[in-house]
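A.B. asks: Handing you a structure now.
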């Protein structure tokens, strides 16, 4: 006997809407069981995970800080993924964007003017886009596998940053510790409401980017082109769309947004370059993009939920003393149920009873 | 008149607040931020042992909380702020990378005390820094390595080329060369504090290159386990790793943070906490050598003698004559390195067979 996923001819509209809520309910139920087995009160645990971080203003600011890079990167990735360009290297584009944007405050700290910050943001965008252009050109020109090239370039970017902060860009007053000088006041991305917390303008950029891309994807010819080429390259060609140019377009957009996320994070939240400036935002954003069903508005929600689960995980660790691993297992459950529910909307499970089928046949059938 | 009244009221309220603090009905809350998992059996594990010691020493008078695996960077500031807001009276941030975040949050919460491990920035009066003189233990390890190694080469698994680590390599080499002037050290940079897979690979590569002693400045027990499998000797790091290499571990540098943590939490409780910058070693008990095992008695006796001479202050591992790697003189005969130079160390001493990654 084996299990097969069979594509449903028609998706239930009702369940498409219900799916995220169903997933949330299942997560809550499974999470409650887990907390109960650990000897914690499930209600308190879930309260700290989902409600406590939303009750204080500073915590909402932190939510915005955490969600901003995730949303910014993920909306860019949605353009890539919708057009079936598998950009796995957003983490690298994030880093190169941060590096390119940091040139002014680190190499020319004497340049003190209001012009510095806008230039930094532009250079961050350009850096991320240029770095994404490498796998894009390789794919468009030589038909290389962009999953591999973009992923490998992440490690190149990480090591490049590492080399910079240990070598040429090391803070001359920093006791040889691997970090650049702190950015001067003109190079710091301002906080939105400085009095109440440290959410910076990166969150505003994320919202604007999501709204603009939502409009482009759902209301313009370009958006139509992205989707057609993704779903059927052949049909796209008949419509006169070039898939080669789409590769470049998709990578440039997502690279630019990842670069903007990078420079915003460094200039708004960290204030200097360090050997590691991202706890894997570029990879987590892939999950966010799919959680948001590649829809920029959905991605805003998904980014906030994922950020909330990080904050909630910390709150739960402190308040009820569960370990970091439990927090992450719970996060894993959330993702699992969301993706599983989505899958079951598009597919149904069929149990195939195979009375007399040899292993080879079964394998061939599967492939 | 009105102003006076307000002032008086404020003063009374202030006194009342001070009164409750003195009454000490409330337990003092001590909070800890860790860079790794508490089960790493290395750096973070030892800090957590310190937390447990605080609980044991102060009992009901203290309440503790901790966050593990907090990434250095933007997340650290949030974690520290969360602690400061959740009523912590003293917060220990136990990794170098939390330095700026600690100082930023400290500026916003002047009533909370902050203790940052291994950093040098104290931008506010409520921030202290503390560190241990691990190089003292490294020197003893070097002495033992030179006595025990048949190949005359030790493998050193290093994390990042920051002064702390460079200082350790230098101390190890100086210790070894005090016994065998031709002793060599091969360094592998793992570029991580905690990654059992990478650390194990580094140990294997070093053993394949013919080293018969492994020492590490990373936090997992993987190098010890590889050394045990391959039948070479090794030194434990941060905690006593004898369980992971009963036939393998020669000794280990054990970070004993407990006494310091107990002292500082007590100080908060008694209202005597003051900003300090502590760099303590064997003498103060912050650095402890695990039992000398798997070695002949004469080596053990020698190691104990060296340990004693460092503890008593009679001998400093960085005593001249010492040349830099390129042969230029650094310390003259009898000259002792000052702390500032050690804390910013970015050069090798003569005899290290490696180039600092730069």
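Placement of Cβ uses the backbone N, Cα and C atoms for every residue, glycine included.
This is the feature table in TrEMBL:
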{"type": "TRANSMEM", "residues": "A:12-38", "note": "transmembrane segment"}
{"type": "TRANSMEM", "residues": "A:58-82", "note": "transmembrane segment"}
{"type": "TRANSMEM", "residues": "A:94-111", "note": "transmembrane segment"}
{"type": "TRANSMEM", "residues": "A:117-138", "note": "transmembrane segment"}
{"type": "TRANSMEM", "residues": "A:147-165", "note": "transmembrane segment"}
{"type": "TRANSMEM", "residues": "A:199-217", "note": "transmembrane segment"}
{"type": "TRANSMEM", "residues": "A:238-263", "note": "transmembrane segment"}
{"type": "TRANSMEM", "residues": "A:283-308", "note": "transmembrane segment"}
{"type": "TRANSMEM", "residues": "A:329-349", "note": "transmembrane segment"}
A.B. asks: Is it the case that the transmembrane segment (A:238-263) and the transmembrane segment (A:58-82) have 3 or more CB pairs under 8 Å, with pairs at least 6 apart in sequence?
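C.D. replies: Output yes: the transmembrane segment (A:238-263) sits against the transmembrane segment (A:58-82).
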A.B. asks: When only pairs 6 or more apart in sequence are counted, do the transmembrane segment (A:147-165) and the transmembrane segment (A:58-82) reach 3 or more Cβ pairs under 8 Å?
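C.D. replies: In this chain the transmembrane segment (A:147-165) does not contact the transmembrane segment (A:58-82) - fewer than 3 Cβ pairs sit under 8 Å.
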A.B. asks: Output the single range from A:94-111, A:117-138, A:199-217, A:283-308, A:329-349 maximising the number of Cβ pairs under 8 Å to the transmembrane segment (A:58-82).
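C.D. replies: When the Cβ pairs under 8 Å are tallied, A:283-308 comes out ahead.
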A.B. asks: Taking the transmembrane segment (A:117-138) as the reference, which of A:94-111, A:199-217, A:283-308, A:329-349 gives the largest number of Cβ pairs under 8 angstroms?
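C.D. replies: Ranked by Cβ pairs under 8 Å, first place goes to A:94-111.
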A.B. asks: With pairs closer than 6 in sequence left out, are the transmembrane segment (A:283-308) and the transmembrane segment (A:199-217) joined by 3 or more CB pairs under 8 Å?
C.D. replies: yes
A.B. asks: What same-chain residues lie close to the transmembrane segment (A:283-308): Cβ under 8 Å, and 6 or more beyond its ends?
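C.D. replies: Here the qualifying positions are 50, 53-54, 63, 66-67, 69-71, 73-75, 77-78, 81-82, 88, 90-91, 206-207, 209-211, 213-214, 217, 258, 331, 334-335, 338-339, 342.
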